[in-house]
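Since the structure comes first, as C-alpha coordinates, the remarks are kept for the end.
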Amino acid sequence: MNFEKVKVKKELAGIEVYFNEPLSNYTNTCTGGPADLLVLPTSVAEVKQVINWVNQKQIPLTVLGNSSNLIVKDGGIRGVVMILTNLNRIQILKNQIIAESGALLIDVAQIAGEESLTGMEPLSGIPGSVGGAVFMNAGAYGGEISQVVKSVLAVSREGELRTYRGNELRFGYRHSRFQDEDEIVLQAVFELQTGQQAEIFNRMREYSFLRASKQPLEYPSCGSVFKRPAGHYTGKLIHDAGLQGFQIGGAQVSKKHAGFIVNVDHATATDYQEVIQYIQRVIKDKFDVQLETEVRIIGEEKE
(Lines of atoms letter the chains of each structure in order from A and count residues from 1; the text may use other names and numbers.)
(Lines give C-alpha, C1' and ligand atoms only; values in the text may rest on other atoms or scores of the structure.)
Protein backbone atom coordinates (compact mmCIF):
# COMPACT_ATOMS: atom_id res chain seq x y z
CA MET A 1 0.00 0.00 0.00
CA ASN A 2 1.47 3.34 -1.06
CA PHE A 3 1.10 6.46 1.08
CA GLU A 4 1.64 10.10 0.14
CA LYS A 5 4.31 10.99 2.68
CA VAL A 6 3.73 14.73 2.86
CA LYS A 7 -0.03 14.29 3.17
CA VAL A 8 0.25 11.62 5.88
CA LYS A 9 2.69 13.69 7.94
CA LYS A 10 0.34 16.65 7.73
CA GLU A 11 -2.77 14.66 8.68
CA LEU A 12 -0.95 12.88 11.54
CA ALA A 13 1.01 15.96 12.61
CA GLY A 14 2.86 15.47 15.88
CA ILE A 15 2.87 11.67 15.69
CA GLU A 16 6.08 9.80 14.88
CA VAL A 17 5.64 8.01 11.53
CA TYR A 18 7.85 5.85 9.30
CA PHE A 19 7.24 4.53 5.79
CA ASN A 20 8.15 0.99 4.63
CA GLU A 21 9.78 0.42 8.01
CA PRO A 22 11.36 -3.04 8.60
CA LEU A 23 9.57 -4.61 11.57
CA SER A 24 12.70 -6.66 12.26
CA ASN A 25 13.85 -3.50 14.06
CA TYR A 26 11.01 -3.93 16.57
CA THR A 27 10.52 -7.68 17.11
CA ASN A 28 12.44 -9.70 19.69
CA THR A 29 13.30 -12.31 17.03
CA CYS A 30 14.91 -9.59 14.87
CA THR A 31 12.81 -10.86 11.95
CA GLY A 32 9.87 -9.52 9.99
CA GLY A 33 9.16 -7.64 6.78
CA PRO A 34 8.16 -3.99 6.41
CA ALA A 35 5.15 -2.07 7.63
CA ASP A 36 3.68 0.11 4.89
CA LEU A 37 3.21 2.83 7.50
CA LEU A 38 4.43 2.62 11.09
CA VAL A 39 3.05 5.00 13.72
CA LEU A 40 4.32 5.44 17.29
CA PRO A 41 1.79 7.36 19.40
CA THR A 42 2.71 8.65 22.86
CA SER A 43 -0.74 9.27 24.34
CA VAL A 44 -4.30 7.95 24.37
CA ALA A 45 -5.34 11.02 22.39
CA GLU A 46 -2.83 10.15 19.66
CA VAL A 47 -4.03 6.53 19.61
CA LYS A 48 -7.60 7.74 19.07
CA GLN A 49 -6.35 10.14 16.38
CA VAL A 50 -4.73 7.24 14.49
CA ILE A 51 -7.86 5.08 14.86
CA ASN A 52 -10.09 7.85 13.52
CA TRP A 53 -7.68 8.48 10.64
CA VAL A 54 -7.50 4.84 9.50
CA ASN A 55 -11.29 4.55 9.81
CA GLN A 56 -11.81 7.60 7.62
CA LYS A 57 -9.35 6.27 5.05
CA GLN A 58 -10.56 2.64 5.37
CA ILE A 59 -6.99 1.46 5.93
CA PRO A 60 -6.21 -1.81 7.79
CA LEU A 61 -4.72 -1.28 11.27
CA THR A 62 -2.49 -3.72 13.17
CA VAL A 63 -1.54 -2.94 16.78
CA LEU A 64 1.66 -4.24 18.39
CA GLY A 65 3.30 -3.91 21.78
CA ASN A 66 6.84 -4.98 22.65
CA SER A 67 6.58 -7.86 20.13
CA SER A 68 8.25 -10.29 22.53
CA ASN A 69 5.92 -13.24 21.78
CA LEU A 70 5.34 -12.48 18.13
CA ILE A 71 6.58 -13.47 14.68
CA VAL A 72 5.95 -11.08 11.79
CA LYS A 73 6.16 -12.85 8.44
CA ASP A 74 8.81 -11.83 5.92
CA GLY A 75 6.33 -10.05 3.65
CA GLY A 76 5.52 -7.63 6.46
CA ILE A 77 2.17 -6.02 7.23
CA ARG A 78 0.02 -4.00 4.85
CA GLY A 79 -1.67 -0.80 5.88
CA VAL A 80 -0.85 0.86 9.19
CA VAL A 81 1.05 -0.71 12.06
CA MET A 82 0.70 1.09 15.40
CA ILE A 83 3.29 0.21 18.03
CA LEU A 84 2.43 1.30 21.57
CA THR A 85 5.86 1.14 23.25
CA ASN A 86 5.93 4.94 23.68
CA LEU A 87 2.63 4.82 25.57
CA ASN A 88 4.48 3.83 28.74
CA ARG A 89 3.62 6.02 31.72
CA ILE A 90 3.40 4.39 35.17
CA GLN A 91 1.60 5.91 38.19
CA ILE A 92 1.26 4.79 41.81
CA LEU A 93 -1.95 5.20 43.81
CA LYS A 94 -1.63 3.67 47.29
CA ASN A 95 -1.53 -0.11 46.67
CA GLN A 96 -2.37 0.23 42.99
CA ILE A 97 -0.13 0.75 39.99
CA ILE A 98 -1.63 2.28 36.86
CA ALA A 99 0.47 1.41 33.82
CA GLU A 100 -0.05 2.27 30.17
CA SER A 101 0.06 -0.57 27.68
CA GLY A 102 3.56 0.16 26.38
CA ALA A 103 5.15 0.06 29.84
CA LEU A 104 7.42 -2.95 30.33
CA LEU A 105 6.48 -5.53 32.96
CA ILE A 106 10.00 -5.42 34.35
CA ASP A 107 9.62 -1.66 34.99
CA VAL A 108 6.21 -2.12 36.64
CA ALA A 109 7.66 -4.85 38.87
CA GLN A 110 10.68 -2.69 39.76
CA ILE A 111 8.47 0.24 40.76
CA ALA A 112 6.22 -2.10 42.75
CA GLY A 113 9.26 -3.36 44.65
CA GLU A 114 10.46 0.17 45.35
CA GLU A 115 7.01 0.92 46.80
CA SER A 116 7.08 -2.33 48.86
CA LEU A 117 4.16 -3.74 46.88
CA THR A 118 4.12 -7.49 46.28
CA GLY A 119 2.43 -9.56 43.56
CA MET A 120 4.43 -8.71 40.45
CA GLU A 121 7.53 -10.76 41.28
CA PRO A 122 6.81 -13.86 39.12
CA LEU A 123 6.17 -11.56 36.13
CA SER A 124 9.25 -9.40 36.67
CA GLY A 125 11.42 -11.18 34.10
CA ILE A 126 8.89 -11.47 31.28
CA PRO A 127 10.29 -9.31 28.43
CA GLY A 128 6.92 -7.95 27.40
CA SER A 129 4.74 -4.89 27.70
CA VAL A 130 1.67 -4.47 29.88
CA GLY A 131 -0.65 -4.48 26.87
CA GLY A 132 0.82 -7.65 25.40
CA ALA A 133 0.86 -9.34 28.79
CA VAL A 134 -2.83 -8.56 29.35
CA PHE A 135 -3.68 -9.67 25.79
CA MET A 136 -1.94 -13.04 26.35
CA ASN A 137 -2.57 -13.35 30.11
CA ALA A 138 1.19 -13.77 30.42
CA GLY A 139 2.52 -15.86 33.25
CA ALA A 140 5.61 -17.45 34.75
CA TYR A 141 6.59 -19.45 37.83
CA GLY A 142 3.02 -20.06 38.92
CA GLY A 143 1.88 -16.46 38.51
CA GLU A 144 -0.32 -14.92 35.83
CA ILE A 145 -1.08 -11.28 35.16
CA SER A 146 -4.79 -12.02 35.69
CA GLN A 147 -4.04 -12.51 39.40
CA VAL A 148 -3.05 -8.87 39.88
CA VAL A 149 -5.07 -6.95 37.27
CA LYS A 150 -8.00 -5.02 38.74
CA SER A 151 -9.20 -3.30 35.56
CA VAL A 152 -8.21 -2.59 31.97
CA LEU A 153 -8.90 0.50 29.87
CA ALA A 154 -9.32 -0.31 26.18
CA VAL A 155 -10.41 1.46 23.03
CA SER A 156 -12.63 -0.01 20.34
CA ARG A 157 -11.80 0.21 16.64
CA GLU A 158 -14.48 2.93 16.50
CA GLY A 159 -12.52 5.03 19.02
CA GLU A 160 -14.79 4.36 22.03
CA LEU A 161 -13.08 4.05 25.43
CA ARG A 162 -14.20 1.13 27.61
CA THR A 163 -13.17 -0.16 31.05
CA TYR A 164 -13.35 -3.87 31.94
CA ARG A 165 -13.11 -5.55 35.35
CA GLY A 166 -13.17 -9.05 36.81
CA ASN A 167 -14.97 -11.65 34.72
CA GLU A 168 -15.44 -9.14 31.89
CA LEU A 169 -11.75 -9.64 31.08
CA ARG A 170 -12.37 -13.36 30.34
CA PHE A 171 -8.89 -14.42 31.41
CA GLY A 172 -7.85 -18.02 30.74
CA TYR A 173 -4.63 -19.87 30.02
CA ARG A 174 -2.73 -17.47 27.72
CA HIS A 175 -6.06 -15.90 26.82
CA SER A 176 -8.12 -12.74 27.43
CA ARG A 177 -11.18 -11.08 25.94
CA PHE A 178 -8.89 -8.97 23.76
CA GLN A 179 -8.09 -11.99 21.60
CA ASP A 180 -11.80 -12.30 20.79
CA GLU A 181 -12.84 -8.65 20.57
CA ASP A 182 -11.52 -5.97 18.23
CA GLU A 183 -10.26 -3.74 21.04
CA ILE A 184 -6.89 -2.25 21.95
CA VAL A 185 -5.49 -2.33 25.50
CA LEU A 186 -4.46 1.16 26.61
CA GLN A 187 -3.90 0.84 30.35
CA ALA A 188 -4.09 -1.64 33.21
CA VAL A 189 -4.62 -1.09 36.92
CA PHE A 190 -2.74 -3.56 39.13
CA GLU A 191 -3.95 -4.15 42.69
CA LEU A 192 -1.08 -5.30 44.88
CA GLN A 193 -0.44 -6.05 48.55
CA THR A 194 1.97 -4.40 50.95
CA GLY A 195 5.06 -6.50 51.57
CA GLN A 196 8.65 -6.37 52.81
CA GLN A 197 10.83 -4.63 50.25
CA ALA A 198 13.88 -6.82 50.88
CA GLU A 199 11.83 -10.00 50.45
CA ILE A 200 10.22 -8.69 47.26
CA PHE A 201 13.58 -7.93 45.65
CA ASN A 202 15.00 -11.25 46.85
CA ARG A 203 12.18 -13.08 45.06
CA MET A 204 12.74 -11.00 41.94
CA ARG A 205 16.43 -11.89 41.98
CA GLU A 206 15.58 -15.58 42.40
CA TYR A 207 13.22 -15.52 39.41
CA SER A 208 15.79 -13.59 37.38
CA PHE A 209 18.45 -16.20 38.20
CA LEU A 210 16.11 -19.06 37.27
CA ARG A 211 15.26 -17.41 33.97
CA ALA A 212 18.89 -16.69 33.10
CA SER A 213 20.02 -20.22 34.02
CA LYS A 214 17.31 -22.03 32.05
CA GLN A 215 16.43 -19.77 29.13
CA PRO A 216 18.58 -18.77 26.13
CA LEU A 217 18.61 -15.06 26.85
CA GLU A 218 21.86 -14.66 24.91
CA TYR A 219 20.01 -15.02 21.58
CA PRO A 220 17.03 -13.23 20.01
CA SER A 221 13.87 -15.31 20.43
CA CYS A 222 10.09 -15.03 20.60
CA GLY A 223 9.94 -16.52 24.08
CA SER A 224 7.89 -19.63 24.75
CA VAL A 225 6.78 -20.91 21.34
CA PHE A 226 4.11 -23.46 22.28
CA LYS A 227 1.33 -23.67 24.84
CA ARG A 228 1.72 -26.43 27.39
CA PRO A 229 -0.41 -29.42 26.31
CA ALA A 230 -2.48 -31.10 29.03
CA GLY A 231 -0.44 -33.71 30.88
CA HIS A 232 2.85 -32.82 29.21
CA TYR A 233 5.78 -30.42 29.34
CA THR A 234 6.49 -28.97 25.92
CA GLY A 235 10.24 -28.70 26.42
CA LYS A 236 10.49 -32.33 27.54
CA LEU A 237 8.51 -33.55 24.52
CA ILE A 238 10.80 -31.66 22.16
CA HIS A 239 13.90 -32.85 24.03
CA ASP A 240 12.71 -36.48 24.06
CA ALA A 241 12.07 -36.25 20.31
CA GLY A 242 15.74 -35.40 19.83
CA LEU A 243 15.02 -31.98 18.38
CA GLN A 244 17.26 -29.81 20.55
CA GLY A 245 19.73 -28.13 18.24
CA PHE A 246 17.56 -28.79 15.15
CA GLN A 247 18.00 -25.87 12.78
CA ILE A 248 16.58 -24.49 9.55
CA GLY A 249 18.37 -21.46 8.17
CA GLY A 250 19.24 -19.29 11.14
CA ALA A 251 16.43 -20.51 13.44
CA GLN A 252 17.43 -23.19 15.94
CA VAL A 253 15.68 -25.15 18.67
CA SER A 254 17.61 -23.89 21.67
CA LYS A 255 20.22 -26.24 23.08
CA LYS A 256 19.60 -24.64 26.48
CA HIS A 257 15.79 -24.88 26.60
CA ALA A 258 13.87 -26.95 24.05
CA GLY A 259 10.77 -24.77 24.38
CA PHE A 260 12.55 -21.86 22.70
CA ILE A 261 13.54 -21.23 19.09
CA VAL A 262 16.44 -18.81 18.83
CA ASN A 263 17.89 -16.69 16.05
CA VAL A 264 21.49 -17.89 15.85
CA ASP A 265 22.41 -16.68 12.36
CA HIS A 266 20.32 -14.02 10.61
CA ALA A 267 17.13 -16.11 10.70
CA THR A 268 14.07 -15.15 8.71
CA ALA A 269 10.48 -15.45 9.85
CA THR A 270 10.13 -18.26 7.30
CA ASP A 271 12.95 -20.14 9.07
CA TYR A 272 11.01 -19.80 12.32
CA GLN A 273 7.75 -20.97 10.75
CA GLU A 274 9.40 -24.01 9.17
CA VAL A 275 11.04 -25.03 12.44
CA ILE A 276 7.71 -24.64 14.27
CA GLN A 277 5.86 -26.74 11.69
CA TYR A 278 8.55 -29.43 11.73
CA ILE A 279 8.39 -29.67 15.54
CA GLN A 280 4.60 -29.97 15.41
CA ARG A 281 4.78 -32.81 12.86
CA VAL A 282 7.44 -34.74 14.77
CA ILE A 283 5.69 -34.42 18.15
CA LYS A 284 2.38 -35.48 16.61
CA ASP A 285 4.00 -38.52 14.95
CA LYS A 286 6.04 -39.61 17.98
CA PHE A 287 3.71 -38.85 20.88
CA ASP A 288 0.30 -38.17 19.27
CA VAL A 289 0.31 -34.72 20.90
CA GLN A 290 -0.75 -31.67 18.91
CA LEU A 291 1.32 -28.66 19.95
CA GLU A 292 -0.48 -25.32 19.70
CA THR A 293 1.53 -22.16 19.24
CA GLU A 294 1.61 -19.62 22.04
CA VAL A 295 3.55 -17.19 19.85
CA ARG A 296 1.39 -15.10 17.51
CA ILE A 297 2.28 -15.26 13.82
CA ILE A 298 0.98 -12.38 11.72
CA GLY A 299 1.58 -10.62 8.42
CA GLU A 300 2.05 -11.74 4.86
CA GLU A 301 4.41 -14.22 3.23
CA LYS A 302 7.17 -12.74 1.09
CA GLU A 303 6.46 -13.01 -2.62
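From the backbone N, Cα and C atoms, a Cβ is placed for every residue, glycine too.
Copied over from TrEMBL:
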- 31-195: domain 'FAD-binding PCMH-type' (DOMAIN)
- R174: active site (ACT_SITE)
- S224: active site, proton donor (ACT_SITE)
- E294: active site (ACT_SITE)
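Across the fold, the C-alpha of E294 (active site) and the C-alpha of R174 (active site) stand 7 Å from each other. You'll find the Cα of R174 (active site) roughly 11 Å from the Cα of the residue listed as 'active site, proton donor'. A 10 Å cutoff on Cβ-Cβ distances gives R174 (active site) a total of 18 other Cβ atoms nearby, all chains included. In this view, E294 (active site) is surrounded by 19 other Cβ atoms within 10 Å of its Cβ, with every protein chain counted. Counting only same-chain residues at least 6 apart in sequence, those with a Cβ under 8 Å from the Cβ of S224 (active site, proton donor) are N69, T234, G259, F260, E294, V295. Averaged across the domain 'FAD-binding PCMH-type' (31-195), pLDDT in this predicted model comes to 96.
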